[in-house]
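*Asks:* What follows is a single structure, and I will ask about it in a moment.
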Amino acid sequence: MYQLFRHGIFQMDAEKAHDFTIQCLKLASNPLFQPILKSLIHAPKGFPKTVMGVNFPNPIGLAAGADKNGDAIDGFGTLGFGFLEVGTVTPVAQDGNAKPRQFRLIEAEGIINRNGFNNNGIDYLIENVKNARYKGVIGINIGKNKFTSLEQGKDDYIFCLNKAYNYAGYITVNISSPNTPDLRQLQYGDYFDDLLRSIKDRQAILANQYNKYVPIAVKIAPDLTESELVQIADTLVRHKMDGVIATNTTVSRDTVMGMKNAEQQGGLSGKPLQHKSTEIIKRLHQELKGQIPIIGSGGIDGLQNAQEKIEAGAELLQVYSGLIYHGPKLVKELVKNIK
């Protein structure tokens, strides 16, 4: 059945297809349609897992970027995910980069996007999170507005942290999108140190204010040198971050040279990222020595490579591009088998 749906949406522009899918899932979020979708999907329960002090119904999650504004939380939830990461969201709504900005690499099962954090702003997202009936864990992925300077960047993250804290199962600090100018600079040196220090200080204040501890993860890029990765791991440990998501999209085109759309600028996700993200997880796991849990993301399209990420050191997994190419059966297969 999904093959038929996929055939239809693949005739559309990639972003229009995405928006259409979100509208379908939003419709499926309606209590009238939920039982129908549930009976069609037959989502398995999976294996509960506690990571970052949070109880996840199962270790399979939806990666950020799929539901930027939290418009289809209950629809995605019906597919069987143990957790959903919504966002990336910024303090103020922004349009993102010029269209077209999403491109399929069908033969490689990849996607290139240069969206640029297009979203309706944190307040809009929080309303959707508050209204969701989904019983799994909701992570909120936060970023900075394009017009905010690097020097003022941490203020945007603190602003979003304040708004999201009371409504999130966990919060992700996204400093690794390649589509916001200079954003990845926040992963390095004094910027990184300063950002994490500010975030941890604010987390302590909010934990006291709301009388609950909400863990904070950092999402990193796959395009790191050995020394950069070591430095990032050291900084994460030093600031006692609660988790790390490895990885975001890649700017490399090594695996897709010569393919249609490969020349498009932006971050490449899907199968071409599979090996690279697993290698980063492996190296990160060696550096972190179990002190900080890893959430694995990047090119998961089946049980075998999902298992490879677990063996490399990931405790939770996230999918997005694989869902586009393989449909709900991918989620079902992973939830049924991954512990």
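Backbone N, Cα and C atoms are what each Cβ position is placed from, and that goes for glycine too.
It should be emphasised that the depicted structure is a prediction, and the values quoted were computed from it without experimental measurement.
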*Asks:* Same FMN site as ALA64, GLY65, ALA66, ASP67, LYS68, THR88, ASN141, ASN174, LYS219, THR247, GLY270, TYR320, SER321 according to Swiss-Prot: which of GLY8, GLY116, GLY299?
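*Replies:* My reading of Swiss-Prot gives GLY299 as the candidate in that site.
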*Asks:* DSSP three-state call for TYR320 (FMN binding site): helix, strand or coil?
*Replies:* coil
*Asks:* Work out how many Å separate GLY270 (FMN binding site) and ASN174 (substrate binding site) at their Cα atoms, rounded off.
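*Replies:* Pair distance, Cα basis, whole Å: 19 Å.
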*Asks:* Which residues in the same chain, at least 6 apart in sequence, have a Cβ under 8 Å from the Cβ of ASN174 (substrate binding site)?
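*Replies:* Counting only residues 6 or more apart in sequence, the Cβ neighbours of ASN174 (substrate binding site) under 8 Å are ALA64, GLY87, THR88, ASN141, ILE142, GLY143, LYS219, ASN248.
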*Asks:* From the Cα of ALA66 (FMN binding site) across to the Cα of ARG114 (substrate binding site), what is the distance in angstrom?
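*Replies:* On Cα coordinates alone, these residues lie 14 Å apart.
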*Asks:* Counting across all protein chains present, how many other Cβ atoms fall within 10 Å of the Cβ of ALA66 (FMN binding site)?
*Replies:* 22
*Asks:* Quick check on the binding-site residues GLY116, GLY270: which one has the highest count of other Cβ atoms within 10 Å of its Cβ?
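*Replies:* Top count of Cβ atoms within 10 Å goes to GLY270.
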